[in-house]
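**Student:** Okay, these came from TrEMBL:
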BINDING   Q132, C133, Q134, P264, Y265, G266, G267, M268, E269, R560, M561, K562  peptide binding site
BINDING   H292, H296, E315  Zn(2+) binding site
ACT_SITE  E293  active site, proton acceptor
ACT_SITE  Y380  active site, proton donor
DOMAIN    460-604  domain 'Peptidase M1 leukotriene A4 hydrolase/aminopeptidase C-terminal'
Amino acid sequence: AMADPSSFASPACCLTRHLHLRCRVDFGARALRGTAALTARAEREALRCLVLDTRDVQVFKVTVNGQDAQFAFGEKHSFKGTPLEITFPNELRRGQEAIVEISFESSPQSSALQWFTPEQTSGKKHPFLFSQCQATHCRAIFPCQDTPAVKLTYYAEISVPKELVALMSANRDGEAPDPEDSAHKIYQFSQNVPIPCYLFALVVGALESRKIGPRTLVWAEKELVDKSAYEFSEAEAMLKTAEDLAGPYVWGQYDLLVLPPSFPYGGMENPCLTFVTPTLLVSIAVIKVIAHEISHSWTGNLVTNKTWEHFWLNEGHTVYLERRIGGRLFGEQFRHFQALGGWRELQNTINTLGDKNPVTNLVINLDEVDPDVAYSSVPYEKGFALLFYLEQLLGGPDIFIGFLKAYVLQFAYKSIVTEDWKKFLYSYFKDKVDILDKVDWNSWFHAPGMPPVKPTYDMTLSNACVALSQRWIQAKESDLGSFNSADLKEMSSHQLIEFLALLLLEAPLPLSHVQRMQEVYDFNAVNNSEIRFRWLRLCIRSKWEEAIPLALKMATDQGRMKFTRPLFRDLYNFDKSRDLAVKTFLEHRASMHPVTSMLVGKDLKQDQ
């Protein structure tokens, strides 16, 4: 078995199959404290020890089947954390199971958790907590085999202040008063589908819910819950479409949770409870993100990458399904338009990272590389481009979705690598091996930069964006009078985003051009986060000083890394705003999400 370079665990020796978690959420100490009981199965004879991943976690006691067991921490690694080695009182035979119970406490600095004071919430009355475990942060909550090669079921009992609600990536299984603390109550959860540790999730706050479908509640703070219910009303229609494309939905509930603005991602596909950013509430990306997270219920959560080096298996297939859902809802031209937007997003990422950078390979090497640092749009968009190219090569969308459905069926509940995927592709299309052999697999998988081949895209919806962006790129000072607000009259919000994205791929426009653009289009007045983000980047790149406070405000009012990191990077690269960008980051650092703060710190050369 290929070892996971991002984990200390040895699943080939011993597998954790179930977790029973009992813990208390302590807002005063900013800690989770309790016991994690792991059901471990020996995978070889005469097993004497179990190695688990931890990062900044205290361990007080370990028992194996109720007997005290010795444990020791190994050497601390800069980002992987510290291995915890547990010695069994009696050796295990192959196939024998033992219950390993660990008393632990998480650190207030845990990279998996963000704690909020009441003042930082919408309601201002109660504290708030959420977790984000992908890729390797579950180990910063409790000791575990923190590799996507291992899947386990879990049962959890979480004690929280009784005025708050706890939710997890699991089905809600009841609540009861805490017998040890009358100010607390205990929420119970069960996840009966085996999941990798990165899909473990917990949120605690003053949350309310609205029912928006037969299997869907939307959860948010009171101030946002009605708006959220309205924005996410398409969820059931998208779930049905996804089931039609990928097979039955096996997770029972599909709830949505709207987090505070500092949530670092657009969404996180936690099973039974998708986490989403509130930036979606002023965006047209609602459909895109929800379709994406729903699609993960098959690709990622059922069929999982065995290590983070094969992350494209999770994300490429999920973007493919997300766009198939979009095609069903808005037509095939729209799917092609989104696909081409993705190709340009890939160009943009590769411009930023450099076309010789090994993290732009589809399959990457993570030896001594932090998965958070390697994270980019490459696994999403290069992965999608490969699947879209294969769809066109192998006979079109109807034929290719047959493959995708069979692939999910073949590998459901398993963790796989790229070679497993490729072997299955060859066996499914055994009558088309001659076509598959013409694919330059080595370049697709192992070469940096743009893919070796560009798929074919229907340009119908893209042409207007290209035409308008070209007018601006080619305009001389004397042509600026020819632009007016009517230029945008026929364009959708999607097309506006694409128009701005095209301009960002080019050399910066002269300052006079962006000033004229503001005069005629008034982009400063637009609240849609996807449009605003690209517009402010365009202004900063053209060295428009008036945009500096607007860009700083957007970079700090929310913490979605897709927006925050490029805005801070552009502000850092503009001599007039560099010092202010660093100063603003240092002022906000303490209240930022730990991963965001680490990555922006690297971008701004402030990492210790």
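For all residues, glycine too, the Cβ spot is worked out from N, Cα and C.
Note: TrEMBL annotation is automatic and uncurated.
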**Student:** Anything within 10 Å of the residue listed as 'active site, proton donor'? Look among the recorded positions Q134, G267, E293, H296, E315, M561, comparing CA atoms, and list what you find.
**Tutor:** E315
**Student:** Identify, in sequence order, the residues in the chain of the residue listed as 'active site, proton acceptor' that are 6 or more apart from it along the sequence and have a CB within less than 8 Å of its CB; answer 'none' if there are none.
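**Tutor:** The answer is G267, M268, E269, T274, V276.
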**Student:** Quick check on the domain 'Peptidase M1 leukotriene A4 hydrolase/aminopeptidase C-terminal' (460-604): DSSP residue counts for helix, strand, coil, in that order please.
**Tutor:** 112 helix, 0 strand, 33 coil
**Student:** Let's check the environment of G267 (peptide binding site): how many other CB atoms sit within 10 Å of its CB?
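**Tutor:** G267 (peptide binding site): 24 neighbouring Cβ atoms within 10 Å.
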**Student:** Determine the Cβ neighbour count for Q132 (peptide binding site): the number of other Cβ atoms within 10 Å of its Cβ.
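**Tutor:** There are 24 of them.
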**Student:** For H292 (Zn(2+) binding site) and M561 (peptide binding site), what Cα-Cα distance in Å is obtained after rounding to a whole number?
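**Tutor:** Here the two Cα atoms lie 17 Å apart.
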**Student:** Pairwise over Q132, C133, Q134, P264, Y265, G266, G267, M268, E269, R560, M561, K562, annotated as binding peptide, what's the top Cα to Cα distance to the nearest Å?
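**Tutor:** Taking every pair among Q132, C133, Q134, P264, Y265, G266, G267, M268, E269, R560, M561, K562, the longest Cα gap is 18 Å.
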**Student:** With the Zn(2+) site defined by H292, H296, E315, which remaining residues of that chain have Cβ atoms positioned within 8 Å of the Cβ centroid?
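**Tutor:** Output for this site, in sequence order: E269, E293, S295, T299, G300, N314, T318, V319, L321, E322, Y380.
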**Student:** Restricting to the same chain and to sequence separations of six or more, state which residues have a Cβ under 8 Å from that of Q134 (peptide binding site).
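**Tutor:** Once residues fewer than 6 apart are set aside, Q134 (peptide binding site) is near Y198, L199, M268.
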**Student:** Using all protein chains in view, find how many other C-beta atoms are within 10 Å of the C-beta of M561 (peptide binding site).
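**Tutor:** Other Cβ atoms found within 10 Å: 18.
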**Student:** If I take the alpha carbons of Y265 (peptide binding site) and E315 (Zn(2+) binding site), what is the distance between them in whole Å?
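**Tutor:** Rounded to the nearest whole number, the Cα-Cα distance is 14 Å.
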**Student:** Round to a whole number and give the Cα-to-Cα distance in Å for the pair M561 (peptide binding site) and H296 (Zn(2+) binding site).
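**Tutor:** Pair distance, Cα basis, whole Å: 20 Å.
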**Student:** Output, ordered by sequence, the same-chain residues six or more apart from H296 (Zn(2+) binding site) with a CB under 8 Å from its CB, or 'none'.
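**Tutor:** When sequence neighbours closer than 6 are ignored, H296 (Zn(2+) binding site) has E269, N314, T318 within Cβ distance under 8 Å.
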